[in-house]
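One structure is given below, encoded as structure tokens.
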Amino acid sequence: MPHWLILDAGNSRLKFGLWDGHRVHATGAVSWSGDWPGELDMALAAMARPERVVVGSVHQTATVEALEAISRRRWGCPLTRITTTAAACGVQNGYRDYRQLGVDRWAAVVAAHLRAPEAWHLVIDVGTAATVDVVGPRGDYRGGAIFPGLRLLADALGSGTAGLPSLAGEAVPLPARSTPDAIRGGVVHGLAGALRHLASEMLPAEAVRPRRWLTGGDAGRLQPLLPQGAVWAPDLVLEGLAQLARESG
């Protein structure tokens, strides 16, 4: 049974988990702000030496080199970097230029497809950006859409207004009866509405009983506002990175 450390270097956080050949467990995350190498070292302190360390990164080379230095210092283990390809794990990349597709989105659609290869899949990932991707039966990745996430929407509003409230807490009912609640409710419900519309536009008529997957750091907050049947899959990207690494040898 493999014992791999999987790293997802996203825009806001570094997510990690252990892959045992079947599922991801012992997951965690550290923010890029502050002393992230020290925080990661502490988070991994009790971990047994992994057989392999795998990373998918939306960042440039410097971040990957820093992660490899940590891996070599702690375990003497090199890093396997996963990148987007034209095809992998039975999925054909439908982008005109496959290199433009972020590796996190690629990993998520690969993981979704491998869970049910004969089904249509809609993958909604709500992090710094919100993405919606569609993959059809037999691994036909159709493409997707990108939309600002909760914090980006709030920041855009805050750049032109004063007293931006915290987005923490549950989504407030609308119509709101205070300006902070109106902003919070508008951002949260607005993003949920955009995602519902994108999902309905992107699934073709022949997509009967599609599987809907919800992942990303802010996805849990939006789940009650999205169509029923969306399955919360917080480790979908990590799972996909592990599957891509397994195929790469």
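Glycine residues also receive a Cβ, built from the backbone N, Cα and C atoms like all the rest.
Going through T85, T128, T131 against Swiss-Prot, the one listed in the ATP site together with D8, A9, G10, N11, S12, R13, L14, K15 turns out to be T128. For the recorded ATP site, residues D8, A9, G10, N11, S12, R13, L14, K15, T128 set the reference point as the centre of their Cβ atoms, and the other residues of that chain within 8 Å of it by Cβ are A29, W32, V58, G127, G217. The local packing around L14 (ATP binding site), expressed as other Cβ atoms within 10 Å of its Cβ over all shown chains, amounts to 23.
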